[in-house]
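As structure tokens, the structure follows; a few thoughts come after it.
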């Protein structure tokens, strides 16, 4: 059936086409594992964030905690809702005609896939912009980046992601059941006109734009921190700089590695009008890679902290017998210390102040 002319039953059109043979037990196993690990990881991250917010109420860290909370909450609900629908589909033997005659479930599934796919990418780019402003313009950050402004940004990001997810419904284009009959998304088979291509390319372009913004802002932040460290020439400042750079590298690597296959695949389908060489197994692999980003987000943003890296350092130094870096003076509030270092470096006579005042006293 033509999805553009019969939106009520558009999702069933793919059922008449060639479906990809997937092993049910393996697919169910992947869905349950992804959902369980994602829910546990993000729930643990939320608990840690709540404790951190109660312990550290500094204004400089409030914006980071709010954005990180929005990220992990979004990832949590993404795993919970999408995972529950996927398990239900497998439990029903993927018989969409029996339980989805009005195509409502497929539409809800497609909306959730788009929203919970784009929203974490948008939030990651907003966090990168916030960190870049906080390090390069600490005075502006401390005076203008209030909790109210951060909450407004969170709301705008979520509303924009909702708008993108609802765009096909508003245009009377129903989401399509994919060839594996396990999930719903934009039309990826027999792409018929420019609008079907537009949705695929829009999703890919927005995802790549969010990754590019994150990469650029994190690169500027890392270069600024390194310049401050070399300018200060203080060994005490290595700890929080080291932690910050590790976090930035992890954020960029995880996001790019996990999301690039899926975004490239969707862009290729959109450009080639559905006649690309991507098979059903390739699309499923790219989708699972993207799912891993939501699993690793809490570990990168929240759990990759002093305690974890310090234990890894002890294990590495014990095995190799090499003293890599002194972690004894590692500050808990690395972002706060980085802001103070950047503020001192930009102030008049900063070189004299930095030499007179040790960096280790800034965290007090």
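From the backbone N, Cα and C atoms, a Cβ is placed for every residue, glycine too.
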3-23, 150-170 - the range that TrEMBL marks as transmembrane segment: 150-170
Residues flagged as transmembrane segment in TrEMBL, choosing from 198-226, 285-313: 198-226
Positions whose Cβ lies under 8 angstroms from the transmembrane segment (246-271), at least six residues beyond its ends: 121, 124, 128, 186, 188, 191, 196-201, 203-205, 207-208, 211, 214-215, 218, 221-222, 278, 282-283, 285-287, 289-290, 292-293, 296-297, 300-301, 304, 309
Surrounding residues of the transmembrane segment (26-50) on its own chain - C-beta under 8 Å, 6+ positions past either end: 65, 68-69, 72-73, 75-76, 78-80, 82-84, 86-87, 90, 180, 182, 288, 291-292, 294-299, 301-303
